[in-house]
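Remarks on the structure that follows.
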Amino acid sequence: MADVTGKRILVVDDASLIRLYYRQALEAAGFTVEEALNGLEAIEKLLLEPVDLVIVDVNMPRMDGMTFLKTLRRQGSPIVAIPALVTSTEAAPQDLDAARAAGANFYLVKPLAQDVLVQYVRLMCGISA
Amino acid sequence: MTVRLGADGIIHIAGVCGVEDAEPLLRYLLAAPEPRVDWHQCEGAHTAIVQLLLKVRPAIDGAPLGDFLNQHIAPLVSPRYAGETALFKA
Amino acid sequence: MNEFIEQFLIEARELVEQGTADLLAAEERPKDAAAIDGAFRAFHTLKGSAGIIDFAAMARALHVAEDSLSEARGGSLPITNELISHCLSCLDQVVQWLEVIEQTGEPPADADSGADAVVALFEPGAPTPAKASPEVAANLDAWLDALSVAKPDVRAAARSALCHQPDEGSFFRGDDPLVRIRDLSGLLAVDLVPTGPAVPPAEIDPFACHLLIFAISSEQVSSLAPAFADVAGQFEWRELAGPVVATLSPAAQLIEAQIALLQGPQGEGFDGRKAAALNTAINVRRAEGRDADARHIEHLAASDAGVEALVDTLRSGAAAPADNAAEEARASEPSAQDLAARSLRVNVERIDALVRLTGELTVLKHAIGHAAAMADRGDTESLGTMLKAQYGSLDRLVSELQHAVLNIRVLPLRHVFQRFPRLVRDMSDKLGKPMRLVIEGEETEADKTIVEALFEPLLHVLRNAADHGIEVPGARAEAGKPPTGVVILRARRDGDHLAVEVEDDGRGIDTARVRSVATERGVASAAAIAAMSEEAAADLIFAPGFSTRSEVTGYSGRGVGMDAVRVAVQRLGGRVSLHSRPEHGSLVRMTLPFTIMKTDVMTVEAGGQVLGIPLDTVIETARIPRAAISNIGAAQAFTWRNRTVPLLDLSSAIDASTASTSSADALVVIVTIAGEYCGLEVERLGERMDVMLRPMEGLLAGLPCAGTTLLGDGRVLLVLDLHELQL
């Protein structure tokens with residue numbers, strides 16, 4: 001049950017470098033990785049096919065991470081309950097509070113080591129050590 | 001007088017001690033076989049004073065008046081705060 | 001080069017360009033929220049990228065600029081010329097670093113001074129901290145490690161750390177280092193360590209400072225460091241990561257976060273947040289191997305339990321089993337792979353076209369295989385028709401493939417145009433002439449080689465327009481023009497060619513002055529210059545040796561003149577022309593081939609060699625009777641359509657040892673070189689071919705050739721560059 005096979009992660013970030021960095025780390029850990037460049041694209045992708053976890057940046061063009069999360073948490077089943085991990089360069093308590101209020105399940109501050117990212121992602125996807 | 005040698009042989013530091021107090025303090029510290037300092041009246045101490053207390057490590061009586069000294073410096077200079085001396089030895 | 005570094009370079013360059021464009025747009029239209037937003041985002045993303053490749057100095061420099069842009073975006077800081085200039089300087093520094101990274105493959109180690117300079121621009125009060133010795137820095141690391149163990153709560157609350165070694169003589173200077181520490185805002189902890197040789201108390205010098213002072217604060221370094229601006233000694237500042245709950249295992253942190261989410265406001269979207277929190281909590285419990293707990297939460301969620309019951313369930317059994325995930329993750333960490341390759345960003349559609357063509361070629365290969373089998377069997381009845389049809393398909397496919405491959409190398413001119421707004425802005429500042437650059441047709445595409453080679457010539461022309469074209473505001477007012485000069489940079493497709501123009505609304509070319517300068521510099525004889533039309537006189541600015549050095553200013557007139565522009569454009573196979581309207585402005589037009597790789601040529605034979613002549617230079621071929629050829633000195637000429645045209649024997653031009661044959665008629669290809677007609681005598685005419693040119697390399701590089709291509713029989717075809725032929 002707790003197998004990484006088939007677990008899909010959607011990385012929502014406008015920076016291609018971040019997407020590549022996360023993709024490499026997650027694929028090496030056995031995940032399947034999808035990408036979206038902004039919140040709008042992410043919502044569209046999720047409506048087509050849900051994933052097991054979304055990793056969201058805060059600052060993005062067209063639809064930012066906070067608006068994306070608020071929109072996501074107003075959708076219906078099954079995508080409404082998809083765990084969301086926010087990664088951001090901002091580390092102030094008010095940034096964390098804002099993400100939580102929008103519906104983020106966890107918040108990690110960038111830059112982020114690949115092993116740390118994988119560790120949290122595995123936990124949030126229910127994959128045992 | 002901010003630094004004074006009491007009749008009891010205890011060195012009293014009081015008020016706000018400036019850099020000029022470092023010399024008399026060192027003299028008193030050297031004169032006593034087992035130097036003892038009471039700084040419960042001390043509101044502020046120049047770095048030079050604190051440095052002497054750190055190097056000579058006399059016995060320290062009382063908690064200083066000044067907040068900064070009490071909160072951040074006293075734990076470092078007083079052996080009474082066992083386990084809370086400097087975290088790191090250079 | 002490391003894959004991330006490579007990706008980083010590509011992305012960072014794009015972000016610098018985007019940031020520059022948005023900054024300039026924001027300066028021009030301070031009310032345009034999209035512009036300042038875009039600039040902010042570019043800086044923000046760049047900073048994030050710098051973090052990924054562990055380039056702290058770059059992140060630091062971008063951080064201060066980003067902060068200011070954030071304030072500007074919020075309206076608390078006006079968008080001034082100064083702010084934009086500082087942000088641009090920050091990007092300049094970034095570009096310098098990018099160049100180093102490009103060369104060495106890693107961030108420069110000595111980037112701190114550059115970052116300090118950028119920080120100083122934005123925070124004039126901030127000191128440029130004296131470089132701390134490595135020991136001081138190492139001490140701070142060790143101290144922070146010790147602190148994390150001894151007082152994890154204090155460490156977690158800290159945002160900055162300082163190790164300060166006051167100068168030995170600081171007491172004499174009247175400094176009291178601890179007072180500075182006492183006054184630090186957000187001070188969380190202090191530590192003091194005596195340094196220097198251990199001496200008996202009797203030898204202590206009470207007035208020499210021998211201390212290492214450690215301090216941590218909940219404030220950021222940028223808000224603390226200025227207070228130490230005038231203090232002598234060594235400083236090592238450290239930004240610390242935000243509030244971390246270091247004492248909890250990752251799983252416990254995640255559970256706490258879900259509890260916080262459940263306990264949050266129950267406003268709009270709460271059902272969704274609650275569902276996501278429970279879902280996450282269930283996953284975490286499963287990952288920990290606590291399936292019973294996970295099922296319990298599932299059960300509660302389904303029964304619509306209240307928040308308190310849910311929180312209690314999540315809290316229960318807080319003592320989670322030891323978390324081995326971290327160790328495992330670390331052990332299985334993939335080693336960074338070096339995938340070195342030069343990269344080019346290509347539109348996916350263009351790749352798709354190549355994939356489709358590959359498929360068609362495969363089909364054709366099978367068809368030809370079939371034809372070969374038929375030929376083997378002696379079944380030749382319909383073979384000719386079949387091969388002809390297949391040849392037709394192959395011909396079409398090869399031409400499509402050529403087209404598709406060339407398209408990969410095609411770039412929009414935006415790549416070169418977008419560098420100019422910044423440069424024109426600098427020229428405008430330096431020359432004290434208000435100027436606006438208008439860009440048109442930046443999406444026009446051309447071969448990458450051409451696009452990239454256009455920068456230098458365009459820069460020259462723009463400088464010339466700024467220097468000599470646009471008047472100072474006073475003169476513009478007198479001429480009845482608006483104070484801001486306008487320079488238009490324009491690109492468009494013009495049939496098979498690419499036209500790039502620079503137009504200004506300045507004073508136009510002062511032909512009288514050009515004539516006098518040209519005469520003075522001996523560009524041509526005084527009589528010839530005097531006899532020139534106005535247009536030809538204006539064109540003299542492109543002549544070699546013409547440079548109005550009496551007007552040398554900060555920009556143009558640096559050694560090379562407009563003649564360099566003409567040479568550069570001709571080298572690309574293009575032409576430059578100039579149109580000037582006195583008092584109204586001038587227009588420089590560069591006409592360039594769309595691509596320099598694919599050339600229509602006519603093959604000829606001369607001196608036993610097959611040569612290609614670019615077809616666009618060929619006017620016609622003719623047989624000229626020897627009698628009609630006259631000798632003018634050492635040269636030959638003939639009359640063609642009432643013109644006297646010089647004749648060049650191509651075989652002797654290629655190889656002087658070859659004697660020309662004396663057939664009754666001379667076979668001549670009439671070509672045009674730089675607007676002049678010329679006849680080339682050849683031995684045989686070949687056919688017209690569409691060839692892909694390879695640049696000349698090695699020993700061949702010195703020949704007057706535009707490039708080479710392979711012929712069907714394996715021979716090499718040299719394609720002549722007529723401009724290089726000595727006539």
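Just so it is clear, glycine is given a Cβ too, placed from its N, Cα and C backbone atoms.
TrEMBL annotations: computationally assigned, not manually curated.
Taken as a whole, the domain 'Response regulatory' (A:8-125) shows an average pLDDT of 90 in this prediction. Annotation comment: TrEMBL describes A:8-125 as domain 'Response regulatory'.
According to its DSSP assignment, A:ASP57 (4-aspartylphosphate) is coil. As annotated by TrEMBL, 4-aspartylphosphate applies to A:ASP57.
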Under 8 Å by Cβ from A:ASP57 (4-aspartylphosphate), counting only residues of that chain that are 6 or more apart:
A:VAL12, A:ASP13, A:ASP14, A:ALA15, A:ILE18, A:GLY65, A:VAL86, A:THR87, A:SER88
In the domain 'Response regulatory' (A:8-125), how many residues does DSSP put in helix, strand and coil?
55 helix, 23 strand, 40 coil
